[in-house]
């Protein structure tokens with residue numbers, strides 16, 4: 001193996017996302033290095049309180065309260081402190097030192113993004129922030145890169161898990177807003193002070209970022225019309241439901257013709273009725289999704305977890321590895337990566353559940369015989385269902401048996417099916433199909 | 001405006017995707033240039049037959065039958081000819097001349113990808129192929145870049161629109177395979193010889209690409225177990241439906257523990273039962289979707305159009321602009337792009353449909369009065385629905401009126417609602433909510 005260069009990573013902040021980022025950098029160092037083309041060394045973690053309790057057990061010697069010194073020596077800086085200062089000054093100092101920066105700080109980006117982007121541009125470093133919008137969902141990078149040759153016309157996003165959870169609760173249980181909010185707080189989906197979420201401020205900051213990237217123009221909070229969900233009543237939800245709609249808090253950015261040939265962009269956040277068959281209507285609980293309409297691509301949707309330490313850490317690490325590759329390779333690296341070295345397995349090694357349809361004799365004891373045979377082959381039955389048909393003319397009865405198994409190997413299943421075929425009570429095996437996602 | 005450098009683009013092939021790529025390069029030249037940091041000049045289009053009919057009207061002087069000469073002079077080459085030769089030789093010649101290459105040729109990638117990647121790597125150019133899997137859906141780039149810091153555990157993809165259309169038809173109409181196939185052929189979703197689609201070969205080539213990127217290891221067609229949909233019967237679909245499942249042709253790549261601490265990857269294509277509540281189950285018609293499970297990110301789904309000239313052209317252009325940015329900027333460019341210059345519009349400029357709930361007096365003529373007032377304000381009513389409640393004790397009747405409008409401006413709607421409030425037959429306006437996606 002060739003000697004890999006080492007890149008020093010400074011982590012600022014060790015909350016629920018930061019702690020997971022640190023854990024992954026340490027635990028997965030061996031996997032990340034060949035993919036990146038460099039060893040990513042976690043040089044230190046800047047925190048306010050060295051003795052605070054952490055979600056993850058991390059080496060004590062990594063912690064420091066001296067963020068300035070940590071940043072000075074880093075090739076890559078991850079900012080997950082939140083808030084405006086000292087995050088802003090530390091990011092600027094990192095950029096001026098030639099480090100690339102990854103942040104999830106949407107408040108800072110909404111307040112002062114353009115100044116930061118310009119500094120990064122001048123210094124020739126990357127400033128990336130996939131984690132700032134829709135947590136784990138890759139959305140900013142696809143908009144920037146994959147859709148760079150298209151014209152986006154509209155973006156509709158469920159980008160706040162707290163409000164989606166509350167509205168979903170109201171929709172499925174008929175609860176009032178206050179009760180659904182209390183439930184969200186009990187389950188940890190809403191904070192003690194839920195204002196930023198329920199009044200739409202969090203979604204508005206994300207709407208500004210999505211609009212800026214989608215329409216290649218700077219939009220900030222002052223351009224975003226914002227209306228939260230506190231006035232949505234159980235009666236509204238019930239009436240919407242009856243009419244075939246679901247109510248979602250959407251972040252919307254859309255291009256609108258002004259009627260005089262010119263165009264503008266409307267950026268807004270408000271509770272919105274969506275037809276139940278719309279792809280976004282099926283986004284339940286605290287999940288996020290962004291629906292993008294583009295002139296050439298048509299309709300696209302990106303769906304996943306919008307918050308949580310580990311999912312958001314995935315987005316941070318994606319930005320980090322991409323920025324590191326650029327330092328090492330001067331570009332994203334080839335699209336093929338062959339650092340995994342895992343063997344391809346034959347189909348016999350795959351395990352799935354199976355659905356098996358059998359045409360069987362209608363005799364007592366048939367079910368027991370078949371169940372016995374499955375058990376002997378180590379294939380566990382989850383559901384077994386028999387339907388009896390009687391032919392009205394001949395008065396002959398036949399029985400159809402449908403079996404869904406637990407996960408089993410292809411090999412075990414194939415042997416079972418062979419054995420079943422040999423039973424005298426079996427007329428035919430009508431179907432064998434694999435089941436996923438159950 | 002600063003003088004932009006010009007990059008010469010050679011287009012090989014002018015079928016339904018190629019023709020749209022050419023159209024966009026010509027029509028959107030002015031939008032693409034500032035985003036790219038270079039003018040993308042369509043230098044020529046290599047075709048076999050100069051006189052063939054094209055879907056798009058393109059300047060005749062662009063066409064040539066001399067692909068070799070065209071490629072020699074290009075900075076970027078787009079290969080959309082399909083098939084192995086001459087596509088393979090032309091791509092190799094482009095790479096050796098230092099050009100970056102964009103292709104959608106999955107057959108070639110499945111047959112000879114690794115050799116091409118290595119050549120591109122040696123020459124320091126990009127070889128990208130987003131269009132080869134799931135058409136317009138950004139999936140390869142997110143897997144390579146956004147998930148580069150995560151560990152993918154499983155990928156489930158609906159990556160063939162023809163078979164998804166056929167299975168969806170069978171599911172919704174109860175049709176047999178042969179009839180659904182005939183319908184797909186009639187509508188242009190299936191080719192006259194549908195073998196590559198219905199036998200799963202097309203999905204298998206895509207499965208190999210998805211598995212290779214997801215698990216950082218080379219997999220090719222010989223590693224893919226492949227079973228098509230020709231043996232799926234209407235009875236299978238009906239039985240699956242009754243049990244709460246839908247049948248989809250899935251491309252699956254998943255990591256499996258071998259029980260001895262080692263791991264392998266199972267890559268396979270087969271008809272699969274999915275629970276109806278699974279996000280992939282809702283992917284209807286000829287749409288595609290890829291469901292990705294990763295250790296940190298959790299569940300992600302990418303949804304959109306999997307085929308068609310214009311959507312696939314969007315993926316080709318995204319690769320092209322990204323490759324061009326790398327030539328010009330030595331990297332992907334900053335994530336913020338401010339080349340759009342569209343103004344932010346006030347909320348009054350937005351148009352949506354509205355849902356309005358009214359508590360009205362139960363008198364004859366109320367509906368007419370309200371409808372008249374909406375009409376006067378230029379707000380068109382789509383649905384109007386009245387429910388009468390009678391209080392059992394007091395015997396007093398009250399009426400609830402629910403209105404859904406066609407698209408109207410915020411300003412017109414606000415004026416309408418104000419006027420409605422002034423009507424003597426109105427007790428109260430119980431809700432005003434915006435409707436999207438209808």
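Cβ from N, Cα, C; glycine included.
As given in TrEMBL:
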type: ACT_SITE; residues: A:206; note: active site, proton donor
type: BINDING; residues: A:12, A:13, A:14, A:15, A:16, A:17, A:18, A:19; note: NADP(+) binding site
type: BINDING; residues: A:106; note: NADPH binding site
type: BINDING; residues: A:191; note: L-homoserine binding site
type: DOMAIN; residues: A:355-437; note: domain 'ACT'
Tertiary neighbours of residue A:106 (NADPH binding site) (same chain, Cβ under 8 Å, six or more apart): A:129, A:132, A:133, A:202, A:205, A:206, A:209
Around the Cβ of residue A:191 (L-homoserine binding site), the count of other Cβ atoms that are within 10 Å: 13
DSSP residue counts for the domain 'ACT' (A:355-437), split into helix, strand and coil: 23 helix, 37 strand, 23 coil
Cα-Cα distance linking residue A:191 (L-homoserine binding site) and residue A:15 (NADP(+) binding site), given in Å to the nearest integer: 15
Confidence summary for the domain 'ACT' (A:355-437), mean pLDDT rounded: 87
Beyond the site residues A:12, A:13, A:14, A:15, A:16, A:17, A:18, A:19: chain residues whose C-beta lies within 8 Å of the centroid, for NADP(+): A:11, A:20, A:21, A:22, A:80, A:81, A:309
Residue among the binding-site residues A:13, A:15, A:18 whose Cβ has the most other Cβ atoms within 10 Å: A:18
Residues near residue A:17 (NADP(+) binding site) in space but at least six apart in sequence (CB under 8 A): A:80, A:104, A:131, A:309, A:312, A:313, A:316
Fewest other Cβ within 10 angstroms of its own Cβ, chosen from the binding-site residues A:12, A:14, A:19: A:19
Residue A:14 (NADP(+) binding site) - helix vs strand vs coil (DSSP): coil
